[in-house]
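Below is one structure, written out as structure tokens; comments come after it.
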């Protein structure tokens with residue numbers, strides 16, 4: 001019989017009473033029969049906390065109750081308390097058959113329970129052994145996998161370290177040759193300045209010497225050559241800067257990957273050496289459901305392999321760039337030196353030509369001065385001769401004038417008269433001739449003076465040109481950088 005809504009006065013709420021002789025002692029039954037019904041905690045009603053809300057099952061048959069009752073005994077079903085204490089003592093709930101069947105059922109259930117328990121113990125022991133072996137094998141497999149993982153990480157870590165060392169060495173070498181390139185580029189400024197100053201000084205040449213000669217052509221070629229070399233150096237300098245940036249980027253990726261590998265190596269190596277008795281072993285509930293992985297072994301290996309391949313590619317490009325920079329340093333140094341020698345040779349030839357022209361001008365000037373002196377002496381001689389001839393003319397003319405005073409018939413055209421007339425004409429013609437020769441000599445002297453001035457000016461021009469080319473330009477060109485400095489070595 002199942003009773004609901006029992007109060008705290010129920011018999012099951014108090015200690016178990018002492019067994020009577022009506023039923024066999026409980027101690028005579030099997031231990032498995034004792035307390036075969038599980039104990040239930042009584043939960044209280046939410047509306048009536050003093051009333052339990054559970055129930056229990058006493059028997060499978062419902063007893064027959066007295067159908068007759070008085071009005072005062074009629075109560076609602078919700079407040080009725082069908083307990084033993086409220087029933088009549090003449091009412092019995094079970095029959096002896098029920099009692100024997102209950103015992104038999106309990107005995108059978110006891111045997112079944114013991115058999116099931118024994119089988120459960122055997123199966124459980126076997127299960128424990130199987131699971132223990134399986135767990136140990138699983139842990140061994142995990143340990144082996146961790147060991148293999150540690151070996152893989154160690155392999156890739158060594159590969160990264162090897163490539164990182166090579167990349168660092170290559171970057172250092174590229175940095176060194178970049179510095180050499182920068183020094184070589186700085187060394188080209190002095191020759192360029194010298195060439196430009198030579199052109200500037202040669203603009204101060206005078207007169208006819210301000211000529212577009214071979215020296216000027218070679219100087220302009222030298223300026224163009226140095227500028228072209230500077231452009232190539234600057235181009236390779238920009239390439240070196242960009243390549244250094246690429247090398248450092250690849251190096252950064254390798255260093256980052258190496259740092260991750262080292263951290264992973266420490267973690268996995270620690271996990272690989274963890275045992276059941278190790279310190280720090282604890283429960284982390286739900287950790288197996290957290291999947292924070294971002295790669296698989298294939299993508300993991302490919303990531304590092306790509307980093308190494310990228311670094312190797314950048315190293316190859318860096319090595320090729322270093323060779324190109326070395327070649328351009330040698331080529332530009334040779335080009336500038338060859339052009340420097342050409343300019344110097346042109347200067348030497350031009351200086352020799354100018355010196356020879358100057359010497360010739362000096363020779364002509366000396367001859368001109370000598371000729372001027374001779375011409376001046378000639379002019380003085382002509383003037384003296386004219387003065388001397390003037391006296392003869394005056395004497396002849398005076399004679400003729402005096403003879404005009406002869407009286408009458410004495411004015412005879414005699415030989416003396418004729419001779420005096422001829423003498424006057426002859427002396428006058430001589431004087432005219434001498435005067436013409438004097439004018440010619442004076443013109444010649446003026447021409448010689450002009451030639452002298454021209455030669456002196458030309459001599460000054462040549463001296464100025466020689467001073468510019470020999471003293472100014474060639475003195476500056478003695479400080480041209482050496483080949484070692486032009487290729488970037490100190």
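Using N, Cα and C of the backbone, Cβ positions are placed for all residues, glycine too.
Annotation comment: Swiss-Prot describes 7, 9 as O-linked glycosylation site, evidence class sequence analysis. Here Swiss-Prot flags 41, 86, 103, 111, 276 as N-linked glycosylation site, drawing on sequence analysis. Annotation comment: Swiss-Prot describes 424-458 as coiled coil.
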Helix, strand or coil at residue 276 (N-linked glycosylation site) [DSSP, three-state]: coil
Local confidence of the prediction over the coiled coil (424-458), expressed as mean pLDDT: 92
Three-state secondary structure, residue 103 (N-linked glycosylation site) (per DSSP): helix
